[in-house]
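Per Swiss-Prot, the features are as follows:
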- 25-91: domain 'BTB' (DOMAIN)
- 165-203: region 'Disordered' (REGION)
- 275-294: region 'Disordered' (REGION)
- 395-417: zinc finger (ZN_FING)
- 423-445: zinc finger (ZN_FING)
- 451-473: zinc finger (ZN_FING)
- 479-501: zinc finger (ZN_FING)
- 507-529: zinc finger (ZN_FING)
- 535-557: zinc finger (ZN_FING)
- 563-585: zinc finger (ZN_FING)
Amino acid sequence: MDPVATHSCHLLQQLHEQRIQGLLCDCMLVVKGVCFKAHKNVLAAFSQYFRSLFQNSSSQKNDVFHLDVKNVSGIGQILDFMYTSHLDLNQDNIQVMLDTAQCLQVQNVLSLCHTFLKSATVVQPPGMPCNSTLSLQSTLTPDATCVISENYPPHLLQECSADAQQNKTLDESHPHASPSVNRHHSAGEISKQAPDTSDGSCTELPFKQPNYYYKLRNFYSKQYHKHAAGPSQERVVEQPFAFSTSTDLTTVESQPCAVSHSECILESPEHLPSNFLAQPVNDSAPHPESDATCQQPVKQMRLKKAIHLKKLNFLKSQKYAEQVSEPKSDDGLTKRLESASKNTLEKASSQSAEEKESEEVVSCENFNCISETERPEDPAALEDQSQTLQSQRQYACELCGKPFKHPSNLELHKRSHTGEKPFECNICGKHFSQAGNLQTHLRRHSGEKPYICEICGKRFAASGDVQRHIIIHSGEKPHLCDICGRGFSNFSNLKEHKKTHTADKVFTCDECGKSFNMQRKLVKHRIRHTGERPYSCSACGKCFGGSGDLRRHVRTHTGEKPYTCEICNKCFTRSAVLRRHKKMHCKAGDESPDVLEELSQAIETSDLEKSQSSDSFSQDTSVTLMPVSVKLPVHPVENSVAEFDSHSGGSYCKLRSMIQPHGVSDQEKLSLDPGKLAKPQMQQTQPQAYAYSDVDTPAGGEPLQADGMAMIRSSLAALDNHGGDPLGSRASSTTYRNSEGQFFSSMTLWGLAMKTLQNENELDQ
């Protein structure tokens, strides 16, 4: 190979591997939430759109570009084409690829799409089905132009090219030698059509496109490196393509026919002529010398389509086996095979033994086509064959019996039983059972997060993390704990939570012997012994042992309070504080109806312990008339505080306004009693003429009874025991307010005032 071509192939191969691993990529394309990493130089080299985009956004920092492309697979295939020169075009994706290439202005892809569309609109022969031309030339069309040039060593390429030129000369001199297109028609149509007509139909194919589009393809493609040492059976698959390139028509114009012939075997039986099923793949040998010359390089030839062809052929053969398993179709198929075998035996006799053997391997083993040598004789054989094909679809595990459709999936499943983890991280030494898990793990070391949440813009290293994260925005918690009923957004968190209910503590600390039921708790505990604090705050430099501790600390700088109380809308920085706060709401709601009941019980208890005389009541009159500005200590219950401020304050104002006009007469009466002279004038009471009807009555409207009197006596005694200082000094001191007893409701204070007035009347008598 040319040194320049080798150098360019190696360069593009390395760039492609870097893109797959996500290394040294300087831009990211986001299409509907799916991220594609690539190199700007490669994108700009193939696309005029990307070239202008990168030049105009040179000052952009993040290098993330959101593309308005309708189909995600279109951009993915175009990126693969840029790095591998490989593009799969078929009837399903041709329109998508054409639209995407026009949007991104990729001229090479546009040329390939137009060439594909031209080949699909070729004038068909009379007997050909309408969809046969397009289907036969669609899947492997791009490979046809590079079949000769891309896989051979230089000396073999020269030899094959010389043979091809010789074949071209022979074909021009003998136009009736190779009617390769006639094999696509029925036996009756072959007899009616002239041989030069078939040649003309094949030469009219406008499929002459340059080879330089595909010369670099297999040198660095994944399949080339992955299956370079594959079994010989896969190599035989490409032999029909190679035989046709050297035998059919001209060098360039025969290649579409060869590809179409190989694809024709993949078609379902109803679209194929009757004589085609039993006919060998290459039943015509226009020139024996050309076959012998190119047979050697054919065996070394490898097409990238081999894997896809085998999979598609297998599915087609299954469908065919199911159809021919019916009795009616069995008879018809046998008749067609017998009639077709008569026409093909004469052609097959001219071939050598080696050619026959290779053709049988290709037609029977790889393409699963029923040839003349393997034609079933009875319906029972067809049924056995269909059962064999059905059994091949399932690969069962020997240990648990779980079925799989592909052996590779079965191989991965077996590792779950054996515990084999062949993939090792070269950074931390952790092992994985699958290569994809290792690749995701490596992103955590490099910090790469290619997956983005479309709602909040948060980035993740794995696609599964995005799916689990999206549930947070919806607030849905479908996974419930069957023990405590707590809900979780994903199953892994629920599984971790269930370990808290188990009493088994299998994780033990080696240093102190403390056990834990979860491994993460043990890891966090070990940090206390080592003193390691790997997480540091970028704002203040403080270090922490866990990442969660660092996140909570950062909230002190940002002021973020993500946890909100649903009752009072108060926000908190930690979820534990929110849970304690919610318990306060529940406790307050349970205790508020029982406040008065607790107070009444306390008053009755104190009444039984103490019995007061009339003299004690006269001594306790000093606490009855407090200034309006003095307030009793506030109880934690807010409802009681409001009741005291609104109701009792008005009662005291009314009492003072009625007592003050009688101060002079009361002073004369108190002068007769030396024990009363020491009391201040503020404590003087009104005479007997006081009208009870002017004082506010309780809500019930009933006067105080004997039970109310007992309650008042105990309350006054409790107030008197707090100290012997005058009321004025006690009211103004902070210590007195802090050491004050229970809070009394407004009804109790009203009762105290009424009893004081009654005691004064008794003293006057």
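Glycine too: its Cβ is placed from the backbone N, Cα and C atoms.
Note that the structure is predicted; figures quoted are calculated from it, not measured.
Within the chain, the zinc finger (507-529) has long-range Cβ neighbours (under 8 A, six or more residues past its boundaries) at 496, 499-500, 545-546. Across the residues of the zinc finger (535-557), the predicted structure has a mean pLDDT of 88. Summarised by DSSP class, the composition of the domain 'BTB' (25-91) is 29 helix, 14 strand, 24 coil.
Note: the zinc finger (535-557) comprises 11 helix, 4 strand, 8 coil (DSSP; helix = H, G, I, strand = E, B).
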